[in-house]
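Listed features, source TrEMBL:
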{"type": "DOMAIN", "residues": "91-277", "note": "domain 'Aminopeptidase N-like N-terminal'"}
{"type": "DOMAIN", "residues": "312-516", "note": "domain 'Peptidase M1 membrane alanine aminopeptidase'"}
{"type": "BINDING", "residues": "384, 388, 407", "note": "Zn(2+) binding site"}
{"type": "ACT_SITE", "residues": "385", "note": "active site, proton acceptor"}
{"type": "SITE", "residues": "469", "note": "site 'Transition state stabilizer'"}
{"type": "DOMAIN", "residues": "634-825", "note": "domain 'ERAP1-like C-terminal'"}
{"type": "REGION", "residues": "1034-1054", "note": "region 'Disordered'"}
{"type": "COMPBIAS", "residues": "1041-1054", "note": "compositional bias 'Polar residues'"}
{"type": "DOMAIN", "residues": "1121-1298", "note": "domain 'Aminopeptidase N-like N-terminal'"}
{"type": "DOMAIN", "residues": "1332-1510", "note": "domain 'Peptidase M1 membrane alanine aminopeptidase'"}
{"type": "DOMAIN", "residues": "1582-1901", "note": "domain 'ERAP1-like C-terminal'"}
């Protein structure tokens, strides 16, 4: 066995994961050795591993080896290291059974895969992603099992692979079956087997399940060999309910009933196909069907209420399929073809064989409301997907590097097919746009070859881009023109016939095109060409022989596009080629390197002034010469833009062509004219042609009659205008505006305001009228205003022409009345997340980014929600590419470039392989240009005539400014009726929305509208009103939202602009259902000025699309609750609960509405006075409402509500908790946490503190559980079936947040106090730890009863320790809940631990009076609860438990409150709050601690302390016996402060040197004014104010005053009480931070500390010095940090050395010892670490029974955690200990590690809650951030996981405050400040408005200022 163990150890050691792959428990050498070297517990496992190693050694001969560090999720080596699967297992046939559950939104299934084995192996490796494999078996060809056991499955998620080990070798040449059972949740995104929903007109939400597998997502629905080369047959069975249908690739064969109300649909065996083409859908859709001439049944499926929109798609599919069968000379091979419109679909469509899936807008067409461009779009998408049935399905690329063989062909054939079948659509007009778009991308250095390396899923997804689709189509068009139509068609027929049902490569296509054929080779040889037309290897072109394969390799295997240069000299034409690049000029250093090695074989075509036909030439060299037939006036290359290249003429050439266009533009085709315009402006962008020449070229457009060149020219000019507008270059903007209006006035004037004409005509109309109004052309504005007024006067019922409606809205929105009317109409559509589908988010973000008001909002949104975005849209997918490019390419400054790079740099591990990042940043770099002052002036000759618009002196535009993202790698979005000609169609991958819906952010228009919405188009265009891509007149008078406003600009946006910006932001965030309604002044009575508006209130839209009848976050006062009857039944199997609440309500004022709270509850029935009624929900405010037709009278009524919900996964509401008992069994329970606003998550209620009422609670539970609530149990009823119903007494009147109930398996101990039974509950394993809490609670309850002279009013008081509890405790009346660490005390616990438990119990018991008996009316006065409870907590402990030395802790609390309140971001004790986040933030040190030591009986005095934030700084100046006192606001950061009026009534206390220590020495002076004088009775040496730090203020003395106090302390430490000495230390450090005195004075005071003996001053001094050390350490000021260490050693070393390591009883001494020794060990002072190691070793040697003193435990554990062995031991102890105080100290020690791998592990585990409870995450962050090794990792972790963090901890909660403070308070550099500001400001609704955000930024600034002022002092110090 020794040898075997050694072998195993060696093999496993080769698999040690690198740090960046660490996902499980961190490994260390010692830990690893422990795991590996121990004998394996099972012989079966040992044999498994030996066979595993043997098989690995045999089968990994392909270059794979065990040295590759791929570990499966269980820690074993994964037997395959490559991303692509091995080729020795071939799938032949899949037998798939799938059963989706549309209720639980999950599915399960099984698959039996027939496989052929090519090499002997024990392993089968295939793909699986997100599936839980339940079982796996290998069978032989007779289906006999190869093993009696279920086979082990290894998972390797990074490669999305699983491996199944067969104990018997699978023999080469044999057939086997692989059988797997699996399950998973339906995906929430758009890939794999995913959930989709739609709403009926009745408002019912219906669910369906659909698939989208391309490129690598079949593995998300079934384990499979998910690569295109692995073609196989599929037999599919689908189980469903009778109300649904199932569809798959093949026709249905039979349906059988299988019981339990389920049906099983069995489909015919499929043809051989790749896994990504498999598809199935389960839905309730209906269809229309028809047969082609060849008998193919075509069906169009859609949601039942959209069935009437399917007829055109059926017609188009029938005609296009018949065209393809004839063109390809190959019949469609399947008996049926289904086209189905999926409500949630990210792409445009997907070509699954026999079941093509579509976005609804890509398939549905309604002739009554859809536009001509909609019809064209639907036709082209269908043409694209049907072309795929041959190109992609019948013949598939071998690997994704050649995806263009699918997509390029399908893109090209969509144009060919539609042009042939629907010539009236004139689709050829739009093909130029496709090539122009491809050129824009291909002219960047970040482009790629058509055939590129793509291995992992992210790289593969990125292959679906402009290069594959559009460049592929364009080079095919060039090739077709090169070969002739007949030869091209014949070649692709050969290609399809040769490779049908198999896979092909680039070379196979070229070979098919260059081969000749015979009649024998093609039986239907209609398309064969003769041997005279070509040879096997070469082809003749214009008399030249060329190698077609070599030629096409030059286009597919190198990136970029050629620039052909042309220079005419007499009859000689000098031509050359180079790579066309936009970002580098020939004179720049990079030019040569970027040109090196690029050479194309270019099939040139050209015309001359004397030729009547096209002339051809192949250019295969860098340069060449052509001889012309004679003298010519002009030469035009690239005839009709059939070639994929740019042409640049010499100066004479451009001049000749410009002259030709002006004199006789019809001498060139419209394609030639459009390509000249395009090429000219592309060359301007690249710096190769002056803008003047390009503008001169397009002056001919005044005479242009064809739409394509007109749109091309105006598109560029409009692009320039928008970019200049964004950069606010006013003079150039004015000049360009005048230029455009002058030169295109005739075209504008000729447009009609109608929907007449072709698609091209209508696009021209829309573009020019929109531009004219945008440029404020008076006739346009007048007509648009006239139409808008007519539409508004009809209340939106008058139908506007489709093509001009957006322009009309834009003009109407320029006036306040129109803007508000549009907003009202918009809100009527119900702007909620359910109406804007998430599939439209990429386009939504892009559209917002294009607007000058919105582009920074969009960018900030992307940064904030990046994790959500990549969860919804996979990396590399089109959605992510559109989002990145759509936002980044709007920028044009170096600052923005830096920010973009910083952001993507911060997530580089995630996006490092994304090519689109380089594309986007390259575009941004191109947009950047030299400062405007460096522009060269254009030649003085002006092209503008002196007409009515006046002469214009034009300034040239910089070359990098004249082209924004419209002409670069844009999101692949096209609207044929609107967007620039540069756009192009990607039907598979595009989030295009047709004209009828695009204006509602490409998504709102496709959702269901009410039947009474007659004007669908008008409603669908409301967002065009000025939010999107049209400029507003407001921008001429108010600056738009800018990300970084120039320092010399102080302009303030207008109210309308601000509100529009907010609307944009909220629109985006609504996609994630964070905010659904537009806040701001528009909706308040005292807010924005309204001109001619009749709207006083704008009601929000409920989820049912009706108006919600309440407009405030606070509930109306017209109705109040009197009593609740609540019945609840939790289900711990499903983690749900159902409930019913009967509320007796009293109507105080007649009303038609009852409004109350409900959050995350599924309300099933509402009964009012025995009648079922309807209700409305408004989720953003967590409110529901019942509306009545008549007023309710003033009386009482009964409201009965039934509902169900999930048990919460966070820590509020009715939430699930769990723990593992000592036997290893997981136990579950449910508990409540309702404060402040979460009762509404457990039952519908009036969830505000002022609505007090009584409660009766009933809970149904299983027998093994107990239930608890506020009141004693009345009875328990056996309901049979293992259920009991517990009923509790009627409660006293109380607020909803105090209601509580628990269902758990707890045990308790009890004791009677007066009339109250006190019980302490805990999990059974910990009931021996409740005794101290029970005694403490009894003693404190007795004290409070006497002190308040009001007995506790309930008959019982339960204190319950909850395993998962975020807060410290919660004061629910009669049922107080605690975190286990704040209630349980073990036998080994010391007084140190007991102090914490006592404090928390005392606080919560004080609440039974302050908060429960008397409650604040609203949360702005929370301090009435928390301030009193905090004060009473300390006061009661001082009286009841004097030995706990609580006064020192109370002093520290006050110091912390002062530190927080010294920031400008603080708040008054009583402050306005309304939103849930604001209420959460009130639970802070200001509410708890600030008011806890004031004289509470003087109204005047206390008002001054509660209405002002902050606290006073009292300055004392003495001259003889006269003392001048003054007060001011102590504010560490006053740069943003505007409040100078703070004035406090301060009861100053003071003593002098003549009397200090006895109570009678204290004197009082009331300071009410800014300054006052105090006369002393005689001369004194010194004065000390704020005796014992009882007042909440800081004192600053003049120089003599400080010197006298310091001298007195040095002479006699005890001259002042210890509290005063501690306060002096605290105050002087604070004053140093405020720059009120030099740091030298601080050091002067600190000299006395060597003589100090008391805990409070010593710990305060140590704390302050340690903070300085931490700041220096984090700034890497290592020399200075070491000096601070030496200083601490000198001043505290003797104290440290004198501390014992034995058990101590005094809490004060333990506090001091803990602080001293923890600092000593952390700074490695004396022999502290040695002593700590000795204690730890004793603890280990005693099998962890040795008692380490409780106050030293943290120090000892932290030292131990510095070693690998110690860390591992602590981790094991942490997992198994049941003592929570010990457990928490272990966790803090674990988090103190300096090992980065362990830091990352502990951060991950504490957030996901797998091995460390979520509740401890704030503690982990705090601890990690205190150490140099971890603070930056922690900050990055918080940023990257913010979304997940805020899902677990509510925004504004104390946990979130702690996380932000911990993560940022250590920063003290400008870099960190900028980074923190950028991140926190980007949080939006996820936290940017939190007060703690301001506090964090202030703290960093204060750290920076302190360092700047004191670094020099520190450098010369010591």
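Cβ atoms are placed via backbone N, Cα and C, with glycine included.
Where the annotation comes from TrEMBL, it is an automatic prediction and has not been curated.
Keep in mind that what you see is a predicted model, and the values were worked out from it rather than measured.
This view paints the features noted in TrEMBL onto the structure.
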residue: 384; record: Zn(2+) binding site; CB count, 10 Å: 31
residue: 385; record: active site, proton acceptor; CB count, 10 Å: 29
residue: 388; record: Zn(2+) binding site; CB count, 10 Å: 27
residue: 407; record: Zn(2+) binding site; CB count, 10 Å: 29
residue: 469; record: site 'Transition state stabilizer'; CB count, 10 Å: 30
| Distance [Cα-Cα, Å, rounded] between residue 407 (Zn(2+) binding site) and residue 469 (site 'Transition state stabilizer') | 5
| task | Quick one: pull the CA-CA distance for residue 388 (Zn(2+) binding site) versus residue 469 (site 'Transition state stabilizer'), whole Å only. | result | 12
| field | Alpha-carbon spacing, residue 384 (Zn(2+) binding site) to residue 469 (site 'Transition state stabilizer'), which is rounded to whole Å | value | 11
| request: Compute the C-alpha separation of residue 385 (active site, proton acceptor) from residue 469 (site 'Transition state stabilizer'), stating it in Å without decimals. | output: 13
| message | Within the domain 'Aminopeptidase N-like N-terminal' (1121-1298), what mean pLDDT does the predicted structure show? | response | 93
